[in-house]
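*Asks:* This is the structure I have questions about; it appears just below.
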Amino acid sequence: LFYSFSLLFMQLSSGNPAYESFYRQVDPGNTGKVGAAEAAQFLKKSGLSDSTLGQIWDLSDPERKGYLDKKGFFSALRLVASAQGGSDVSLNSLSQNISAPIPKFVSIATLDIRPEDKAKYDGIFESLSPIGGLLSGDKVKPVLMNSNLPLDVLGKIWDLSDIDKDGHLDKDEFSVAMHLVYAAREKEPVPSTLPATLIPPHKRKKIAGALPGSVPVLPSSPFLLKENLRPTPALSKSSLGSSTNLSPSSSFKRSTPTPPQPQTHTQQYEEIFELADSDFDGMVGGGEVKDIFMNSRLPQSVLAHIWSLADTQRTGKLTKEQFCLAMHLIQEKVKGVDPPQSLTPDMIPPSERGAVSTPDSSSSVGLVEPTGIKDLDDINQEISQLQSEKRLLESEIRQKEEALRQRNSDVQEVQRDLERENVGLQELEHQKWDAQERLGEMEQQRAKLESTLDETKSKWQEENVKITSLQTQILSQESDAQMQEKEVSRTKTDLYCMEQEEQRLEESLHAGKAKLDSILKLLKTSQDEMDQTRSELSEIQDAQRELNKTIERFSKALNDSETSLADLDQLIAEESSTAGTKVRNHSTLHKTLHHVLMGFEVYLVLRDTGVRVC
């Protein structure tokens, strides 16, 4: 059986880091044990009912050790996940799937208020005598203060619970406050803002309709006033851990209410008693219930009388039954019914009936009115002592009967556990073969996974080679890029030099163009002068030819002896007239021709006179 259970544990925990993470939360010291209180506190975050969690505990702790080892805790996680998925809580749920589902856990403070819790909180609300359906801070404060939570935590709970910020709590708001108190006692952090799941439906529209950025005027919290700053002892133990030998089911019933049942005043008083019992010793002192009693606004003399009636054993503390009696008398007095001067037999707590007498009758116990006859007085005194001893014996018998009934109940519980164990053994025996078959399938899957892993490693190596090659290429490209950058830098420098040279050449070009324009102008002027000179030269040449012709005619005339002076004068006149017209424009030729003609005239005169002319 245990071998198959261990095999099932291996299937659940293998390769599931989520289960390991959950386990480290409940066993941070890795002791190998998770106590009932720690397990209950953690598993309640699943949102499952107490009865379901009790079944999960029974299946997870088959040896009834009172705690969970790692194997049992993993089984509990698997069963929680199955229950959250809608499956039945049984050993069959542990073997339906090979892969272990992941359960969901949330903070208790963010869970919806369960119907059974709501009924419990409503009962406490009514017992505090609300006015107009509302409880003031003064009435709520004693109940919440008895949780022994720090004042700053209680102030935060009040602020979250007073949703409409009117300084009072209605029934729904009070339920929210009590829900947050219970969550804080379970070491859950108080949320910074109220979760939407806890906001009553009829108040959600009011919150949603608030103007953005508006600042509500908050009434001062009844837990933040200076007069309330009293030392609050730390919570010594969780309500889950008030017993050292928790049974599998009781570990989920200590701190939360029982399944829905008709509410009575006694049940309400018991709930208030559990909140007031800060040290979990099963009794409350005057300091623990003072605020609760004073909340009734009854005179202190009346409250003192009620206390004396309820404290039947004169211990200075009240048991749960005595506290319920005191609360009953207070409620009756609030309604106008005065408390009796002494307790009637039906008012005495059931566990004390026959053992405790009323104050009036206590004087007759052990005291007998003397008759004057010594023997008779001795007999009466002995009878009185025997009656007192009889009452004590009857009280002891009732206590032992109560203990016997409790033990019979425990025996029946053990028998039911044994029957469930036998059923579990049979189920495990049937599941053993299925587990072995699944183990074979898992071995095959493991082989496939190993083959896939080898292929993946091979691909990884190939990819690694490619990455190395790419890295080499990148380094080479980076080197080339650096060289190109240097070349670009040099090219930019050359380009700059060329631009400077180009600028200098352009400046030289402009200067050359200016000089060229000047030269062209000078050349044009020279060309014009050359053309004029050529024209004059041509005229001179023409005149020279005419002059040569004239000279030839004169020479012929001179050489001809028959030519007379008159003919020469006529010739000279004609030539002068013709030549003068052609050479008039040139002064030098004109002068030359004139001198030539005068020379001929002189020659003719001399010749006529007989002068020999050479």
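Even glycines carry a Cβ here, placed using N, Cα and C.
Owing to the predicted nature of the structure, the values given are computational and were not obtained by experimental measurement.
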*Asks:* To which of the residue ranges 333-370, 523-560 does TrEMBL assign the term coiled coil?
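*Replies:* TrEMBL lists coiled coil for residues 523-560.
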*Asks:* What is the three-state DSSP composition of the domain 'EH' (265-354), stated as helix, strand and coil residue counts?
*Replies:* 53 helix, 5 strand, 32 coil
*Asks:* Pull the DSSP breakdown for the domain 'EH' (117-205) and write it out as helix, strand, coil residue counts.
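*Replies:* DSSP composition of the domain 'EH' (117-205): 54 helix, 6 strand, 29 coil.
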*Asks:* For the domain 'EH' (15-103), report the average pLDDT of the model, please.
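*Replies:* For the domain 'EH' (15-103), the model's average pLDDT rounds to 79.
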